[in-house]
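Undergrad: According to TrEMBL, the protein has these features:
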type	residues	note
TRANSMEM	20-44	transmembrane segment
DOMAIN	48-159	domain 'Phosphatidic acid phosphatase type 2/haloperoxidase'
TRANSMEM	117-138	transmembrane segment
TRANSMEM	144-163	transmembrane segment
TRANSMEM	170-188	transmembrane segment
TRANSMEM	223-240	transmembrane segment
TRANSMEM	252-270	transmembrane segment
Amino acid sequence: MELEILRAIQSIHNPFLDTFFEGITMLGEETFIIPLLAIIYWTLDKKFGEVLAFTMFTSYLLNNSMKDLFSFSRPIGEEGIRTLRPETATGKSFPSGHSQSAGAAAGAFSLHLRNRWVTLLTMILMILVGLSRLYLGVHYPKDAVAGILLGLLTAGVCATLFRKVDELKLYLLVLVLFLPALLFAQSTDFIKSLASYMGFFLGILLEKRKVNFTTDGSLLRKVLRVAVGLILVLLIKEGLHVVFPETNLFDFIRYFLLTFVAMGLYPWFFGKVRL
């Protein structure tokens, strides 16, 4: 049944739709989400940036632990299924990580801004990201649907808890809840998500205890802050990837440094140099 749905969706393929959905699917990837988080957190709305980061990193933990738990295969290689951008299809199939990221982000923006047009736009983009995973032939329909629903649920739960529980205690609680997943979840993607969350937690701890930056400043200062910060993040993410060997340990170090620097160490730096 699900393969029939995939074949029906892919039956309308053409070069324009290939390019369109390859672009849309990037909205659920690190290459889009990391700069988005950074711009919001460093220059626009520090508190919402923190909530959004908490939501996304919690969603990554949930998604990758579930992928390792269920260990469902992807439709890649099935008869009549064409696959585009297979390099984005890391790990197992259920639930879809791209779809869940889109759902978590859409939910977080909708709950924060409380604007019906923003909600409509983010929900449309969320659905398109889920659809892109089917069009590209890297997920079954149930993967995308489950991912979207889990993303929305994660956004709602995170926003509610953020209002009612001390932030640092909440972050520590989530970390403790997911640590036992190491008993069954040892994939590279789960290790990266755990490292990202731990870096986020310790980075926020540093920021709250020693930094306490503001998003005030001229447009030029904000542009420079983002430009320097994104170059630094890129050097950590991609530069260390070239230098480090391909092991879970070094992937853990790389992703831990990425979020720790972005959430805590870089704000300390741009506060010191008045950037």
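Positions of Cβ are set from backbone N, Cα and C atoms, glycine also.
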Undergrad: Before we move on, state whether the transmembrane segment (223-240) and the transmembrane segment (170-188) share at least 3 Cβ pairs under 8 Å, counting only pairs 6 or more apart in sequence.
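TA: When sequence-distant Cβ pairs are counted, the transmembrane segment (170-188) does not touch the transmembrane segment (223-240), since fewer than 3 lie under 8 Å.
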Undergrad: Residues of the same chain, at least six outside the transmembrane segment (170-188), with any C-beta under 8 angstroms of its C-beta?
TA: 54, 58, 61-62, 64-65, 67-69, 90-92, 161-162, 194, 197-198, 200-201, 204, 248, 251
Undergrad: On the 0 to 100 scale, where does the mean pLDDT of the domain 'Phosphatidic acid phosphatase type 2/haloperoxidase' (48-159) fall?
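TA: Averaged over the domain 'Phosphatidic acid phosphatase type 2/haloperoxidase' (48-159), per-residue pLDDT gives 93.
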Undergrad: In the domain 'Phosphatidic acid phosphatase type 2/haloperoxidase' (48-159), how many residues does DSSP put in helix, strand and coil?
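TA: The counts are 82 helix, 0 strand, 30 coil.
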